[in-house]
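Positions annotated as region 'Disordered' by TrEMBL: 1-28, 665-753. Positions annotated as compositional bias 'Basic and acidic residues' by TrEMBL: 1-10, 685-694, 710-723. TrEMBL lists 11-26, 670-684 with the feature compositional bias 'Basic residues'. Residues or ranges marked as domain 'DEAD-box RNA helicase Q' by TrEMBL: 50-78. Residues or ranges marked as motif 'Q motif' by TrEMBL: 50-78. Positions annotated as domain 'Helicase ATP-binding' by TrEMBL: 81-255. According to TrEMBL, the domain 'Helicase C-terminal' annotation covers 268-433.
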Ligand SMILES: Nc1ncnc2c1ncn2[C@@H]1O[C@H](COP(=O)(O)OP(=O)(O)OP(=O)(O)O)[C@@H](O)[C@H]1O
């Protein structure tokens, strides 16, 4: 036993020893591995790299990559990773689905590994993504490939539990976030510290740096340490010097492996477009879905409300395939669920806004339909790039254009996007028009959604920057409304407002021209037409202002249907609309600001008594307010002393003295009030008393009840006997009951008369007299009969 114990002890010691020793060894090994890796960074030749193993990467990263079947790096990875490891700032541009995510995640892991980053070191790298879904996707990829490293990673996006995030912020090494939420933590969370930051990555950099995120990004950048490595990635990379200056990049390396390629979109992506009328669009989409039931389809629409309506409508029409909808106004949890469902399923249609257009790596998407024309070429590239992704990905893209929008094809071709025109096979068209109308007539909610979709689409067209392609006035709105199932087209208030403003503008311009001609006539004395240069116009006249600010004159946000997502919001900021007139009020001379001191001085000069109110009678005579008159000697003295300014101490004393008089006045007032109340009460009592006596003059007089019927006649003798029984039953209560009687029963006439002091005759003689009268009127036999009956009754 003891031997066993001894050997156990020895073993445990051995084990401890073993545990300790390799750690030390490991640490040393790690140091030397890091040194070796770092020494290889400058020797990287991108063209020679066939697999990830050829790159000087840590074993942990290589294992993570291998476990996820990432063996050979893609072009962008091959070229960008080397420069990133060398510590250079990078501008990475590569086609959609070409693996840009790993091109920045691998350098992050390697940098922190080489710096032996621990949890205690705080935030070492930040990746900013424009959408929550993309941030989530990056985070998931990081978790997969960074599995063998010891770093902590955090996903910081809106719609999540802020409190939960706040507590853990100090322990996160790699932060994947959306700009808004990051800024919120920077502003509100004392635990958030990024002073140690080594690397900043902007995925979809051009989007992060555009106007929608301008303020947030500027604030974020200001809060970051300037000494850091910065990597920017996008399929449509920004080359704007202004953007780069904002990020203070130091001689960034531009990595664009596909710059010389024939196309900017993936080669395995087949792209086509159709041209149709606005009222045909919904029918074509329905027919497309019905003809591609075994495919994974992603449909892009311009606004959230369109997505919502199309989704709800098609769900009701039951096409025979799963339908999903993803847009910004959905709750975050729902967004996540839909995103994952679309990733998982293979026969499914997802209706989405541009929220899903960038970076999202939905697997095996067969078709991308651009139901509404994209805002620009960049948006087209990102939307189309949701299919044909990765090394072996294939897919097709269909762009639906209105005749006025066909001009965008020229832009696409000029940007190296191969796209062919196709036409719809009429035999395959199915029109759900009748069904839609029937559905809407039954369902008011759906009808309202349709109305909102209608207005929101028109707004989105109106807000587009490129007026050559997007012209809301060219749209057949009635036909469009009808195609949505709306027999009566909804009112388009914002367009009506614009038209009103335009009319006003035209009127003003006419007036202005007339005025100018008139002026020139009087000046020169001849009829030469005036030059139309604006600076010669007298500013005293209404002026036409043409600028972007006027967009605010239309109340987009006040209307019920203004819940466009982030993207649409951004577009609004950049709108160049037709000039809208505004009456320019003649600029008044800049007034000197009036200070309080100046006002006080003026008042003192004029000897105006401040804070005085004078009351007047109806006849306009001033009423003296005795409250305003000072009473104390000290106050009178103080008033007479005409010294400049105010002696605070003296004023205090005066006020105390005056306070005594005020209190006296108050007491007198209270006394008077009480007196008045008493008087009123007395007179009221008097009135009440009179009423109780039924109108008699005095209390002692008693009521005049002569008008009452004779109680002896009204009350039968039975009542008397009843009352007697009652009194005999409760003798103790006899007194009280008698008084109760007095209280509740009307006194007999007799009693009342007695009360009045009038002596009343006894009832018995009256009864006897009555009997005598009766017996006198009877015959002898009748009298005998009556006597017998009375005797019987007595027995
Ligand atoms: N080296 C690789 N080997 C195999 N597959 C890869 C490799 N790198 C990335 N992929 C796969 O390619 C797909 C697209 O990658 P990723 O999402 O990083 O593309 P992207 O360039 O960021 O696209 P986008 O421009 O749309 O954001 C992903 O499914 C990813 O797993």
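Backbone N, Cα and C define each Cβ position, glycine as well.
I'd like these features described in context: how deep, what's nearby, how far apart.
The average per-residue pLDDT of the prediction over the domain 'DEAD-box RNA helicase Q' (50-78) is 96, rounded to a whole number.
For the motif 'Q motif' (50-78), the DSSP-based tally of helix, strand and coil residues reads 16 helix, 0 strand, 13 coil.
Broken down with DSSP, the compositional bias 'Basic residues' (670-684) shows 15 helix, 0 strand, 0 coil.
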